[in-house]
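The ATP binding site feature in TrEMBL is assigned to A:G11, A:P12, A:S13, A:G14, A:A15, A:G16, A:K17, A:G18. The domain 'Guanylate kinase-like' annotation in TrEMBL covers A:4-182.
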Number of protein chains: 2
Amino acid sequence: MAKGKLFVISGPSGAGKGTICKEIFDQERNIELSVSMTTRQPRQGEIDKVHYHFVTKNDFDQLIEEDGFMEYANVYGNYYGTPRAQVMEWLEQGIDVILEIDVQGALQVQKNYDDGVYIFILPPSLEELKKRIRGRGSETEETMARRLGEALHEIHNIDKYDYRVINEDLDTAIDRVRAIITAEQCKINGEEVDWIVNKYKEDL
Amino acid sequence: MAKGKLFVISGPSGAGKGTICKEIFDQERNIELSVSMTTRQPRQGEIDKVHYHFVTKNDFDQLIEEDGFMEYANVYGNYYGTPRAQVMEWLEQGIDVILEIDVQGALQVQKNYDDGVYIFILPPSLEELKKRIRGRGSETEETMARRLGEALHEIHNIDKYDYRVINEDLDTAIDRVRAIITAEQCKINGEEVDWIVNKYKEDL
């Protein structure tokens, strides 16, 4: 059986990757969504194992020691990471997996997992990104400037990705990411060619 | 401006490539369909420049001499070919082009045009292909055996293609080919990376 494909969906904070991934996961039956692990406290409404695996710093450290993360990072004092075991198990079973992750994390994953499909979600403009971040509240002028600078720095890494989707209209962006997933599932890989030819040969 | 992409859609006769291409061409606004040239007589209902460019053997020979074909072949005494000029003009203008073509033709095009996206339309089985060919009438047992043998020979070349779509259910097959086209339009090419980065930089 063919292995599953890893779809790494990332982009600047505020570009909309979270919403896109959630919609696709809700609509597609044959794909799994990897849930990150974090040491930060759950926010109101966040459910353990759905939004994150909430763990203690000790548990997180132990998994680091066991080389159990595809990537992890310390973000302003809290740790976030992608546990490797569950993702690998799905892929081995032939199940496709979505990883929603920031750009730094995606580049880390890429170093270890070159077979993945890397999709970059772009905001229509930094002006629009600013509006969206402001809409979430909680940003000062200083943190806003830093976040826009980070976004631009992240966009510089777009050449390491396979696809780019501009999230101007959400439904169009979701359709495009779905199209990328469908197309990748139609790609011919060398391993299956003999299998295909033999399948038809038996018919004759 | 980025060049257009060439989508070469092929597969065994009876797999349904013609119907799929026609549907996609009717639905998509931003794609052109290349019309083949032939020396055979128009069949009832066939319109010049829509179904084929119907030309004399002299005209066809002259275009061969001018190296004006992306591919051509003599099929049971009639010539068929893909004129190069119109396709190249569209691609240069940034317009995507669909080429619906048999497997031998596709492999010829591939030798000259490596940038294309090669999609193989498969029948669900040779048994089903037999039914479809029979449905068109006009086949003897002998020509049927030859056509199935040809189909299997063509399927052997599937490793030279980028994508495969099994045409079991027509609507699903059309959706998949459309998804491949959309995904290819989202692919990141090295040439546009600087352009993307600069576009966002101007926003800051």
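One-based numbering along the chain as shown.
Cβ coordinates are placed from backbone N, Cα and C, and glycine is handled just like the others.
By neighbour count, meaning other C-beta atoms within 10 Å, the densest spot among the binding-site residues A:G11, A:G14, A:G16 is A:G11.
Across the domain 'Guanylate kinase-like' (A:4-182), the prediction's mean pLDDT works out to 93. Counting every protein chain shown, the Cβ of A:G18 (ATP binding site) has 14 other Cβ atoms within 10 Å. Close to A:K17 (ATP binding site) in the fold, though at least 6 residues off in sequence, lie A:I9, A:S10, A:G11, A:E100, A:I121, each with a CB less than 8 Å from its CB.
DSSP gives A:K17 (ATP binding site) a helix state. Counting every protein chain shown, the Cβ of A:A15 (ATP binding site) has 26 other Cβ atoms within 10 Å. Scoring each of the binding-site residues (A:P12, A:S13) by how many neighbouring Cβ atoms lie within 10 Å, the top position goes to A:P12.
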